[in-house]
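These notes concern the structure reproduced below.
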Amino acid sequence: MPALTRALRCALLAARVALAREKARRAFASHGEMLSQPAAALARLPPASVRVLVGFGAALLVSLVVLHRRPAARGAAGGGGPAEYDPAARFLALSEGANATIAADLRALTAGPHLAGTGAAAGAAARVLSGFRAAGLRTLTREYTPLLSYPGHASLALLRADRTLLAHLSLDEPADVGRRLVRPYHAYAPSGGAVAEAVFVNLGREEDYLTLERLGVSVRGRVAVAIRGGGYRGGVVRRAAERSAAAVLIAGHADGGVERGTVILGGPGDPLTPGWAATAGAERLDFDHEDVKRRFPAIPSMPVSGKTASAIIRTLGGPALPADWQTGVGLPVDVGGVGPGPTLVNFTYQEDRKMGMIQDIFAIIKGYEEPDRYVILGNHRDAWTYGAVDPNSGTSALLDIARRLGIMLQSGWTPRRTIILCSWDAEEFGMIGSTEWVEENLEDLQSKAVAYLNVDCAVQGIGLFAGSTPQLDNLLVDVTRQVKDPDVEGKTVHDTWNKMTGGINIERLARTDSDFAPFLHHAGIPCMDLYYGKEFPGYHTALDSYHWMEKHGDPLFLRHVAIVEIWGLLALRLADDPVLPFDYQTYASQLQEHANAFSSMMENSKWVHLLNRSIEDLSDAGLEFLKEAKKLQDQNISDGYSLMRRRLLNDRLLLAERSFLQADGLQGRGWFKHLMYSPPEDYESKLSFFPGVADAISRSSNRSAKEQQAAVRHEVRKISRAIQRAADVLRGEFSNRNESLYSSLSVAP
């Protein structure tokens, strides 16, 4: 009876696969529309269905004859499914007609604005949920109630020195012709106002204020007018507040557009629930709590159009505009000086803060062998305006991945590990949706998450750009060799990527501008961020529309298809490879480059020697691991013992990144825990790695050389210990390093 049962199951599987293939073929014809239930398809009895029935009978007959044979093995490429099933090839084959499907999804998602926490956001959420369900995937939703920020009343005018009105200045966005969008504003900018002289501060960087000091110009009590390009806008506002400015106006470069954005400080997530999720009944800090007050800028700010900024700047007197500022202005102005005055700026702003409901949406594909290991793909769907680039180019790509995986599931494939597709909300306010979910599930994610693959602005121009933690570099390079370049016939993405940048260039993720931040900086999960095109002039403006994408960004939507293919193949490798495709020798090489760069900045070489010893050990551990994994792969892995050994190997790979976390976080910034790639406290820091060192340097800049050396040395020791922890985890053993070896390298205070 057991043999007969197996035979019947094999026959049923064969019939199910045949039905799924017929459904997939017809799905291509309708650009991805899923068919109805198999019973309804059989009721219509087209020729293909007759073939299915015949196939079922034949399979049943053969199975009864060969009862002694075992059922079909798992697919050769690693995922569960029919024998000889290649998930990567199948995924790529589903690109036929995908550009039309992606375009249709993007058009629907961008039909109107969908700012988080507003009624208009429901439409985009419904579209994503419907897409996940149409793919046949299990879905979940999770709601949070964070503090959100919206614009109230605002006004801007130019006054003569005697405070009589010279001109009302517009705070509207010229490109928002129908006034369908939320007016331009800075989220979390406090209410306030000023009647004061203006000073042009160029990009609003520290070096710009030093230039003004040399010219004898101060912004104390005045309105600082800046041009976008000086780093994070919140950092620009904070820098002006530190110089005692009364308010800040920031002009962008988009022709007719005004760039909205958040100015919240101190990292991502809901400011009232730092470290825990903003669920409906959660504890919330008071607004007068020190941890909350330092999250908000001290002075009001507002984005303005180039035309409005020009009207202010051209009235300025004072010292002449520095020559190197003239090329960076980027505005149609005839400027005589940097200010102050002689005219006055009358600026008022009223913020509307309130608790708002946001919703994260998930689709889950459970793994057959390691269901408790998660490969996570994420994109946010909320937008400041229409969001054709930011973020819904990525949303439409995520929906296409869901469609393809759904078809593959119906063909009998199942991933080895669980795949989770995530649609985040309220990213534009400071990565709130993703951060709250990570905080709520931190322990589970730290013990089970394999990697997080992020796509935000999937397409904003030509050429692939990527950032990742270093152990994923080689995986990304391998995958790009499998994907056709969308712009150059006969070339792969790898070919053009390599040529465009003069060699493969993968940046590190020491920034907090998208949803990888909580996964890497707080949870220590390997991350990657992908996008096509480097600069988009309509960023966060009314120009971020489907019309722009169709006319300029990706007219044929083939760059979208390329991103889908790269993103999806990365997920399949991480979900299906027997041994996780991580390379910690590459990680060690990158850390060595960081150590060398740090060495060029510091005089004391003993500190660098301390780092070098740990990095060398990590490299050795990575090589030892590769040899051990190769030996296991050459053996029979069908028995339970070998499967357990492989599981233990993968766990060491999975947990090594967590070793770079400092349990209590960076000094004074406890939410950020990653000692290699958290962002530095100073937004203008020249170090994009070793954030504790960067913080120690900036905080001790006014101290004695002895004190600065002590502060930096302490952070170097932390980093060295973390790297050593990672090496020990890769080896799967307790550390046996003699602490005296480190003590001998200490520097006398």
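Each residue, glycine too, has its Cβ placed from N, Cα and C.
Marked as Zn(2+) 1 binding site by Swiss-Prot on the basis of similarity to another entry: H380, D390, D456. Annotation note: D456 (Zn(2+) 1 binding site) sits in a strand segment as assigned by DSSP.
Positions annotated as Zn(2+) 2 binding site by Swiss-Prot, on the basis of similarity to another entry: D390, E428, H540. Cβ environment of E428 (Zn(2+) 2 binding site): L115, A116, A187, R260, G261, T262, H380, D382, A383, W384, H540 lie under 8 Å away, each six or more residues apart in the same chain.
Swiss-Prot lists N99 (among others) with the feature N-linked glycosylation site, giving sequence analysis as the kind of evidence. The local packing around N99 (N-linked glycosylation site), expressed as other Cβ atoms within 10 Å of its Cβ over all shown chains, amounts to 20.
Taken from Swiss-Prot, the feature N-linked glycosylation site applies to N346 (among others), supported by sequence analysis. Long-range Cβ proximity for N346 (N-linked glycosylation site), meaning a same-chain Cβ under 8 A and a gap of 6 or more residues, is found for S155, L156, A157, L158, L159, G193, A194, V195.
As annotated by Swiss-Prot, N-linked glycosylation site applies to N612 (among others), with the evidence given as sequence analysis. N612 (N-linked glycosylation site) falls within a helical segment according to DSSP.
The N-linked glycosylation site annotation in Swiss-Prot covers N636 (among others).
Positions annotated as N-linked glycosylation site by Swiss-Prot: N702 (among others). Sequence-distant contacts of N702 (N-linked glycosylation site), defined as residues of its own chain at least six apart whose C-beta falls under 8 angstroms from its C-beta, are absent.
Marked as N-linked glycosylation site by Swiss-Prot: N738 (among others).
According to Swiss-Prot, the region 'Catalytic' annotation covers 278-574.
Feature annotation from Swiss-Prot assigns topological domain 'Cytoplasmic' to 1-46.
Under the heading transmembrane segment, Swiss-Prot lists 47-67, citing sequence analysis as support.
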N346 (N-linked glycosylation site) - helix vs strand vs coil (DSSP): strand
Per DSSP, three-state class assigned to N99 (N-linked glycosylation site): helix
Site with most surrounding Cβ atoms, counting all protein chains shown within 10 Å, from the binding-site residues D390, D456: D390
PLDDT averaged over every residue in the topological domain 'Cytoplasmic' (1-46): 36
Cβ neighbour count (within 10 Å, all chains shown) around N612 (N-linked glycosylation site): 17
Between N612 (N-linked glycosylation site) and D456 (Zn(2+) 1 binding site), the C-alpha gap once rounded to whole angstrom: 35
Additional residues around Zn(2+) 2, ordered along the sequence, whose Cβ is within 8 Å of the centroid of D390, E428, H540: R260, G261, A383, W384, T385, G387, P391, Y539, D544
